[in-house]
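To keep things clear, I will list the structure first and then write my remarks on it.
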Amino acid sequence: MKLIMLGAPGAGKGTQGEILSKKLGIPTISTGNILRAAVSEGTPVGRKAKAFMDAGKLVPDDVILGIVEERLAKPDCAGGYILDGVPRTIAQAEFLENDGVKFDAVLSFEISDAEIEKRMTGRRTCLKCGATYHVVNNPPRTEGVCDKCGGELIQRDDDSVETVRHRLEVYHVQTEPLKGFYEARGILKMVENQPTIEATTKVVLEVLGM
Ligand code: AP5
């Protein structure tokens, strides 16, 4: 199965991607996590991406497409994958389509901007493996420590209120048009916001017919 997860920053893509990945036995590919690892390792891609990410802007398409092409060529993607945070522009979607990739479904996580702002302030992210938590909705067993790998949990630099507002603007202008793109292809599935992570998973499985 090949899936795309579309949605505003903080809509729950990473959280649901992790759950679905375990359930379906296929990897989740998060361009955000790949970029953050590149930034912390100081690679050429990371050095190029950092200023865009800190400002809440999209990283240029050529950088993203290079990352995605390399990742999709790895053997663990042979049985399918879940894309988290990519495509994010029409150009990225057209690139995947022209490359012959056929998606089974595009999950669009629907949530208001006001709700996003509330969620982001409580989010904590693992520096080492990228897993996400929420101080109230999904706390780790030990404060500040990742349940999965023991890494340090931090608040992301781009989760400040001002940067989140800018990321939301970027989402509405550059990424939201992808809904029309995939609706025209008959594979868009709406996932309305739910008060808990478990309730969202239930809706995701329902819209996927699972
Ligand atoms: P990226 O890392 O992809 O960030 P994003 O899309 O902004 O999404 P987030 O990771 O912030 O949120 P999420 O939807 O995964 O929500 P989460 O599950 O954590 O990208 C970062 C940057 O990289 C971009 O700004 C850009 O610069 C660059 N970039 C990446 N990809 C790119 C691309 N393709 N093109 C160009 N640039 C690119 O949930 C949020 C919080 O809410 C968590 O704390 C969670 O526990 C909690 N939560 C989740 N669901 C629920 C629920 N139902 N109820 C209550 N709490 C919930």
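Cβ atoms here come from the backbone N, Cα and C positions, even for glycine.
As annotated by TrEMBL, ATP binding site applies to G10, A11, G12, K13, G14, T15, R123, T132, Y133, P195. Just so you know, the Cβ of G14 (ATP binding site) picks up 20 other Cβ atoms within 10 Å once every protein chain is counted. DSSP classifies G14 (ATP binding site) as helix under the three-state reduction.
Counting same-chain residues at least six beyond the ends of the region 'NMP' (30-59), those with a Cβ under 8 angstroms from any Cβ of the stretch are 13-14, 17, 66-68, 71, 84-86, 88-89, 127, 130, 156-158, 163-164, 166-167, 170, 174. According to TrEMBL, the region 'NMP' annotation covers 30-59.
Listed in sequence order, the residues of the same chain lying 6 or more apart from L58 (AMP binding site) and placing their CB within less than 8 Å of its CB are F52, R88, T89, V170, Q174. In the three-state DSSP classification, L58 (AMP binding site) falls within coil. The AMP binding site annotation in TrEMBL covers T31, R36, K57, L58, V59, Q92, R156, R167.
For the region 'LID' (122-159), the list of distant contacts is 10, 14-15, 18, 30, 32-33, 36-37, 40, 53-54, 56, 167, 196-197: same-chain residues at least six beyond its ends, Cβ to Cβ under 8 Å. Residues or ranges marked as region 'LID' in TrEMBL: 122-159.
The domain 'Adenylate kinase active site lid' (123-158): residue composition by secondary structure is 2 helix, 13 strand, 21 coil, according to DSSP. Under the heading domain 'Adenylate kinase active site lid', TrEMBL lists 123-158.
Here TrEMBL flags C126, C129, C146, C149 as Zn(2+) binding site.
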Rounded to the nearest Å - Cα separation of Y133 (ATP binding site) and C126 (Zn(2+) binding site): 8
Annotated binding-site residues G14, T31, V59, C126, filtered by Cβ under 6 Å to ligand 1: G14, T31, V59
T31 (AMP binding site) has its Cβ surrounded, within 10 angstroms, by a count of other Cβ atoms equal to 22
Quick note, T31 (AMP binding site) and G14 (ATP binding site): C-alpha atoms separated, nearest Å, by 11
Shortest C-alpha distance to R156 (AMP binding site) - which of the binding-site residues G10, G12, C149: G10
